[in-house]
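Novice: Marked as ATP binding site by TrEMBL: Gly373, Gln374, Thr375, Gly376, Ser377, Gly378, Lys379, Thr380. As annotated by TrEMBL, coiled coil applies to 113-273. Per TrEMBL, domain 'Kinesin motor' is recorded for 273-626. Feature annotation from TrEMBL assigns region 'Disordered' to 69-97.
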Amino acid sequence: MLTSPRLPAALVPACREGEGTATKFVMSHPRAPALTTVPQTQGQISAPKVPKKTGPRCSTAVATVLKNQKSGPAVPAQKPGTAAAPPKLGGKKPSKRPAWDLKGQLCDLNAELKCCREKTQTLDQENQQLRSQLREAQQQATALGIERRTLEGELARVQAQAEQSQQELGNLSTHVLELEERLGTQEGLVQELQKEQLGFQEERRRLATLLEEQERRLQASEAALSGSQAEVASLRQEAAAQAALLAERGERLHGLEMERRRLHNQLQELKGNIRVFCRVRPVLPGEPTPPPGFLLFPSGPGGPSDPPTHLSLFRSDERRGTLSGAPAPPTRHDFSFDRIFPPGSGQDEVFEEIAMLVQSALDGYPVCIFAYGQTGSGKTFTMEGGPGADPQEEGLIPRALRHLFSVAQELSGQGWTYSFVASYVEIYNETVRDLLATGTRKAQGGECEIRRAGPGSEELTVTNARYVPVSCEKEVEALLYLARQNRAVARTAQNERSSRSHSVFQLQISGEHAGRGLQCGAPLNLVDLAGSERLDPGLALGPGERERLRETQAINSSLSTLGLVIMALSNKESHVPYRNSKLTYLLQNSLGGSAKMLMFVNISPLEENISESLNSLRFASKVNQCVIGTAQPNRK
């Protein structure tokens, strides 16, 4: 099959004229028949794009290409797949040879072949001419592209220079405006300065007049100075007398403060160095109401206005009966304490009764306050308060520290300075644990031991325990919250969440009067004892019950030791068994003759807890009967 090569569809690049308008020149060439097959890639050649450029050089190149293209012979196109027609001889159509004239047909074919070869040679020559023209056009396009890029670079440089010149011109204009504005400002300043100069000249004349007047007054003052000097000497003598009077009154005030402390201590001693208060908690929601007459609070000697000091508890025993078969009358148990707080007593009323005792710690007397009773009787509520943020439910610990901070602030006006260091530990199964441990200290769980502060020192410290300086109520609240999270608790038969350890809050108080060289120091111990309930001998012991049994045994053992220590101190025995319990060993400096002790016995108002309530009241009565010697302040 014969195919004709495709000539380039466009050989002339678009030329730029005027404001960027492009005109394209397209040159086409008719297809010519050929005897050889030409690949499509060689038969179709696209002219390279020549950069746009204005001027006569572009039009000249286009005219040259068009001229060379028109000079070549035009060969009519022939459809693919058709054979070339035989040449016409003499303008007449040759007659068809018969089929038997093979020699004639061969001659016709040879003549036609010769004609096709001539046409092929002609087309090859034309193709070579077109290729040479194409190379020339490409060379011209390359040269034009280079020239265009050169001109574009020059144009960009000229434009950059123009922009830079424009920017410089703008800067110069702005600078000229600034200079004109500054000039106007300077002119205004010059005018203001001239006005000020005139004002200063007027002021100078006025001051000169005033100076003359002051000189006259100075002369008069010098005359009066001699009289004033005598008055000053008199005033100095009066000031010296006032200073002596002030020193005398300071001495008197100090003497009155010392007398106040002595009388305060004497009042506390008259009340007893060991005092026992009884507090009956109210009936909680969901608990059965006790029968009428179960608990009675007889009035004091002064009538109903006096605080109650006696408690009567009635106990009925169904197992007892009379000879007639009727139930026996209830048994009455009477108890007497220094003060009894009925169920309606609030936290503020309880603290008001011990506020003077707490203040004794500032005077240098060791003070120890216990909360004793069975589980669920309100010991922790009495010491720490309720779980909420209600200020009416604050316990003795936050109220005591607030009171100490307030009194210390008042005494600072008399020259006293106080510092407070707090610690909070618990004694669980005769093991001392730090309730203020945090972070790595809490994770390590280092064992705490009770040791003396130094050789020959009577002060006791707990190793591996935190001692935190405190100076405000917020710091104390944070310590109480942390201790409440760390304390050992468990569920018991009497309480859903019962404290199974003794918690001891210790506040070391140090006071100093720098002007008189006086120092005093004493600890304040606020102790929340664990539940004092007895063991049930008929209790079936499972794994959890055995753990509760071991806890109860340790609690009752330490409480028994506390009772023995108090009895030994009361009887003036030579040996006091402090070391029989970690609790008494830690508190031994706050239990002896130089200390003041107060015990709250907390009882439940429910009839079902009457057995444990009687045991707690009997133990508290024994403590109340003890008398310890006169307390001595720790002063240096």
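Sequential numbering from 1, following the chain as shown.
Placement of Cβ uses the backbone N, Cα and C atoms for every residue, glycine included.
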Novice: Mind looking up the mean pLDDT for the coiled coil (113-273) in the predicted model?
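Specialist: A mean pLDDT of 86 is what the predicted model shows over the coiled coil (113-273).
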Novice: Taking the Cβ of Lys379 (ATP binding site) as the centre, how many other Cβ atoms fall within a 10 Å radius?
Specialist: 28
Novice: Enumerate same-chain residues with a sequence separation of six or more from Gly373 (ATP binding site) and a Cβ-Cβ distance below 8 A; give 'none' if the list is empty.
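Specialist: Listed in sequence order: Lys379, Leu529, Gly531, Ser532, Phe600, Val601, Asn602, Ile603, Ser616.
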Novice: Give me the non-local Cβ neighbours of Gly378 (ATP binding site): same chain, 6+ apart in sequence, Cβ-Cβ under 8 Å, ordered along the sequence.
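Specialist: In sequence order, Arg279, Arg281, Asn602 meet the Cβ cut-off.
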Novice: Including all protein chains displayed, how many Cβ atoms other than that of Thr380 (ATP binding site) lie within 10 Å of its Cβ?
Specialist: 24
Novice: Report the member of Thr375, Ser377 (the binding-site residues) whose C-beta atom has the most other C-beta atoms within 10 angstroms.
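Specialist: In terms of Cβ crowding, the pick is Ser377.
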